[in-house]
Amino acid sequence: MTNIRKTHPLTKIINNSFIDLPAPSNISAWWNFGSLLGICLIIQILTGLFLAMHYTSDTATAFSSVTHICRDVNYGWIIRYMHANGASMFFVCLFLHVGRGLYYGSYMFPETWNIGIILLFAVMATAFMGYVLPWGQMSFWGATVITNLLSAIPYIGTDLVEWIWGGFSVDKATLTRFFAFHFILPFIISALAAVHLLFLHETGSNNPSGIPSDSDKIPFHPYYTIKDILGALFLILTLMLLVLFSPDLLGDPDNYIPANPLNTPPHIKPEWYFLFAYAILRSIPNKLGGVLALVLSILVLAIIPLLHTSKQRSMMFRPLSQCLFWLLVADLLTLTWIGGQPVEYPFITIGQLASILYFMILLVLMPIASIIENNLLKW
């Protein structure tokens, strides 16, 4: 008799996705981040659900309700800080996951890659709206500055911003709708992640060499289940170290001051994971130009598959491309640092140079390096 695991309509899907799935025998720890992102999403949904039970999305009580969660709710402080720092862990995993895709040529699965870009935008939108909810100074002014960017859109900009605000400034209506969107988006992200996996399983996983691995596959369970559990333990260990020892390390002290529309903080800046994009936005003196550069800094990922000029898929055997890749990583770290600095000399110039280099590497230097490497193969 056939195992129920392989015949029952529900368990069959789980079996084919996580148990009997044929996986390449040589995928490294860089392939762990997909499962880690899934775990991050589950942690965020669960902690978020418990926070939503005690949170009130009203300008008069939002700040107090978060304080109440931390002081009066049983283990409310740990739930709140797991949610806040869980977002940081989520973005660490996201950036490493995208970086892996760039390095090993995983973008050659166009459907999986494009759904991934949509997922990235969705997670960024969710994180932004979540940052507004505690209704501290940085919440309020961050919401004001970022939503105001839409006013740069010609003709409809101002109307669009006022429509999103639900009034003439960030106020009660804005907070309520941001809470509604922040609650629903993670479930949309879950559905998109399922589609992401669906497309991935149509082709099977890529591997570090970039060479088809059909001739050498191993079952996902137990080999990669145990590997994923090890990764999950590292993730949870790091998260709990952050939560229990320095929960405010990545936050902004200004967010412990209740939102005040009459008092602007000296330096308005987003959470650390948006700083690279914020630096690109600020490096262009024109408002519309800055907004376009901001969107393109992520959207540029969509044209990476079209710019793949190399005869090899992975960067494993391409030293020139490797150098450019790590230069890109250094450039993104520089942009992240600049995003948190005040708008003054020399930071403005460094930010502009780093922004130009970011787009230069991805759009010009990488394709050229690939062509050079193709010619070196003939030697």
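Backbone N, Cα and C atoms are what each Cβ position is placed from, and that goes for glycine too.
Bear in mind that the values here come from a model prediction, so they are computed numbers and not experimental data.
Annotated features, as they stand in Swiss-Prot:
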- 33-53: transmembrane segment (TRANSMEM)
- 77-98: transmembrane segment (TRANSMEM)
- His83, His182: heme b b562 binding site (BINDING)
- His97, His196: heme b b566 binding site (BINDING)
- 113-133: transmembrane segment (TRANSMEM)
- 178-198: transmembrane segment (TRANSMEM)
- His201: ubiquinone binding site (BINDING)
- 226-246: transmembrane segment (TRANSMEM)
- 288-308: transmembrane segment (TRANSMEM)
- 320-340: transmembrane segment (TRANSMEM)
- 347-367: transmembrane segment (TRANSMEM)
Looking at Cβ-Cβ distances, which residues of the chain lie under 8 angstroms from His196 (heme b b566 binding site) while being 6 or more apart from it? Thr112, Ile115, Gly116, Leu119
Examine the transmembrane segment (113-133) against the transmembrane segment (33-53) and state whether at least 3 Cβ pairs sit under 8 A, considering only residue pairs 6 or more apart. no
For the transmembrane segment (178-198), which recorded stretch in the set 33-53, 226-246, 288-308, 320-340 gives the largest number of Cβ pairs separated by under 8 Å? 33-53
Taking Cα atoms as reference points, rank the binding-site residues His83, His182, His201 by distance from His97 (heme b b566 binding site) and give the first. His201
Three or more CB pairs closer than 8 Å, sequence separation of 6 or more: does that hold for the transmembrane segment (226-246) against the transmembrane segment (320-340)? no
His83 (heme b b562 binding site) to His201 (ubiquinone binding site), Cα to Cα, whole Å, comes out at 30
Report the member of His182, His201 (the binding-site residues) whose C-beta atom has the most other C-beta atoms within 10 angstroms. His182
Please report how many Å separate the Cα atom of His182 (heme b b562 binding site) from that of His201 (ubiquinone binding site), as a whole number. 29
C-beta crowding around His83 (heme b b562 binding site), within 10 angstroms: 21
Mind checking which residues reach the transmembrane segment (347-367)? Cβ under 8 Å, same chain, six or more beyond either end. 279-280, 282-284, 293, 296-297, 300, 303-304, 307-309, 321, 324, 327-328, 331-332, 334-335, 338-339, 341
Count the other Cβ atoms sitting within 10 Å of the Cβ of His97 (heme b b566 binding site), across every protein chain shown. 20
Go through the chain and flag residues at least 6 beyond the ends of the transmembrane segment (33-53) whose CB is under 8 A from any CB in it; none is fine as an answer. 69, 79-80, 82-83, 86-87, 89-90, 93-94, 96-97, 100, 182-183, 186-187, 189-190, 193, 228, 231-232, 235-236, 239
According to DSSP, which kind of secondary structure is His83 (heme b b562 binding site) found in, if we only use helix, strand and coil? helix
